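Asker: Sharing a structure with you now.
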């Protein structure tokens, strides 16, 4: 049998041609491609690390930035709960008991107006710092609970007035700046750390002609907002006091900055029904006093419901918190996707 030989010089087809084509790739080209792949893997790994660092930094920044706000919101919620709980307790009292308490408070205010207010406070400014930067009020402020004098019968009489649940006298609300605080007798450290304090020597906050109640509160605390934003109040805004299940509304008509020794704007104006909120100013310096004062207006005929007054700044804070949370979630989702995609391609 004759054997036929391939004399045409053509290359064999199939596997042999594929092997020949592979072998034909220069070795330096293989090294170049391998190096390029390694560089790409290194870059991808570095990008993943960078994304992780960005996420961690974003979370850290949000934690540091939002921590004071979160703590203050928690404090505000706790103080609001105290105020609401006291109001609910008073609401359960018999009507005749409430009437007796209010009658006693109005009688106290009448006697106070006739006396000429010989003493405002207990002698020391409630906002004096530990280093003594603020001057002694000399009777214009209050530095301790009215009951601290002990032997003073007028102080004992004061402490017995509007004695609600847990020692809470009432509630002060300034919805424009999200203030809702329980009011305590006097302006001791304990009282101002627990809410707002009623300045001893001023009218009890039950309203009526020839009354002027002064409510004090801290400003600039890291753990509680209190009266920190009182400087945002403008003429025409509303302040609310709830005492013995009755809500009184006051329209702001005066905003003043005074020396700690000036008591002229804290006194009763004959015939008028006034409420003043007082805190320290400038922010963090505390050398003067900020007074936000208003006159009584019919409620709810003229003044809106507190719940109907929006706090634009708080709504903005909530929006920023939501946007920040969405940003972090987007970073985390992108990081997870970038880790999952290479595995998917490898499986295919």
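FYI, residue positions are counted from 1 along the chain as it appears here.
Using the three backbone atoms N, Cα and C, a Cβ is placed for every residue, glycine included.
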Asker: Could you check which of 5-26, 27-48, 49-70 is flagged in TrEMBL as transmembrane segment?
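Answerer: Checked against TrEMBL: transmembrane segment maps to 49-70.
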Asker: Of 74-113, 114-153, which range does TrEMBL call region 'Disordered'?
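Answerer: In TrEMBL, the region 'Disordered' feature sits at 114-153.
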Asker: How many Å lie between the Cα of residue 280 (active site, acyl-thioester intermediate) and the Cα of residue 218 (active site, proton donor/acceptor)?
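Answerer: Their Cα atoms are separated by 7 Å.
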Asker: Helix, strand or coil at residue 280 (active site, acyl-thioester intermediate), per DSSP?
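Answerer: Residue 280 (active site, acyl-thioester intermediate) sits in a strand per DSSP.
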Asker: So how many other Cβ atoms are close to residue 280 (active site, acyl-thioester intermediate), meaning within 10 Å of its Cβ?
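Answerer: Excluding its own Cβ, the number within 10 Å is 26.
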